[in-house]
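**Student:** Can you keep this structure in mind? I'll have questions shortly.
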């Protein structure tokens, strides 16, 4: 049992009992709470002061959830109504009506503006946040649905129910792919592995030694964290085993997240909320620290015969498609209220900002530093180091790659070989078969044309070369260091160029800085600048679009997936914020006389429209491709549909 210390913060969250809460999983630093006072309050995890309070629900709030980017929060009430708030704009975004009973679970799709909800009425509904009425209704459970989770590639939805089953749904076809029946008690939580075809589920019983309240896969997928009433448990699989038990007095823990190698847990009792921190550097997460097998208590467990089991399991493509345009079915009229009722209802909803300083720092404008775990500071002070600290290899860098150089990377993280696991002591399921898999194209066995942002294998190294007896230590080091000097030169040059762009930005303006970056003829510099200004839409002007659109064309055709993603983000921003201006300007009737300002704006709009039409054709071709970048192009294709009807 680990002696890793924990620290907690307790505060009054609502004027009456707290009924639900949720952490922002991307940052691990935002907390949403819902209460019987019908309010949703937003908090910084490390502070006991409320940033903002969201009103509008007329019944107690039963469920809350952040979207992936933490720009929106959704809350479901006892009456079955759902409200979505835009946190950056501090306003209600949408009211969704259709469920007949308490909302029990909510989940945002990992890509696009889609939301799944479940209810005591046994139904699951998929909503498009941009429209009223549901897209799909999934019927099949015979009792209340308690938990929902989207697969990382956005194609499937898993649901956990009181009927003791876990169902896997195909989002676009609206039908069950498979059903897991291994549980003998009501299932309340379900979670997908971040990379592999692996699903975890948990139950809450009444006569067990410990009960799983919530579960959370580690970000690297190497283990599963389970929040019990009095402890944090760390599980492995194949074979099932418990690596570590950390005593934590958090009671009924409701949600978990990871930030800066710290696990954040939150629980509530009456009107108060408590947050807890566990130092993951001092928690055992490998078979070298086996505590107890959960197949046969206190019996030694052998290691898997095939240590490469995890490599044989398929990984998610992120994503092949979103669920947007395929077989979209609107909800029935009985589930939709009239526009006047929705508008009147949404006028009653508001966002009261209680802490302007924190609100501006986090939401206006979106700040990359406050949105992601900081590199140095932590939400809570770290406990003192001791001999139990476990060193862990850092993840692969997610920054944009340097052009013209193939970086040599060694991945040193040892991963167990997972399968299907349900971390419930009451009944670990034996359903080990992965969900049905779509056919794999033969070309996937060849060298990929696209260099992915994240990958499971190193580039430029043959793992077989490092097997015992093949290379000496000196030869292995020589292979690993191959290209290192070249990479250092490239990064130094890139740093100098970025410094030059920064000086121009400070001395003149963002347009001049971007033009300077373009003139350097190094796409990596352009990507670095765009990654900054993509986070700040308020900086964008029409003439900035004229400089960026030609660069987007190059980014979308790049072999680097990260470049494509940056280009897609910029293009999406331009379509959302400037297309109406461009379209209206080009369609406007010419004014009498000479208006130089109007003529200049008309010329810029014509240039942008021409570039956008060229990009639209390219996006259509890319939208059919398979891979993690495919979904972005699919979403862009829908966003750029108005171009087909333009001048």
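In case you wondered, yes, glycine gets a Cβ from its N, Cα and C as well.
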**Student:** Kindly point out the range from 232-262, 263-293, 418-448, 449-479 that TrEMBL annotates with region 'Disordered'.
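**Tutor:** Per TrEMBL, the stretch marked region 'Disordered' is 418-448.
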**Student:** List the helix, strand and coil residue totals of the repeat 'WD' (96-137) as derived from DSSP.
**Tutor:** 0 helix, 22 strand, 20 coil
**Student:** Go through the chain and flag residues at least 6 beyond the ends of the repeat 'WD' (54-95) whose CB is under 8 A from any CB in it; none is fine as an answer.
**Tutor:** 19-27, 30, 32-42, 101-108, 110, 115, 117, 119, 121, 127, 129-130, 132, 342, 345-346, 348-353, 359, 363-366, 371
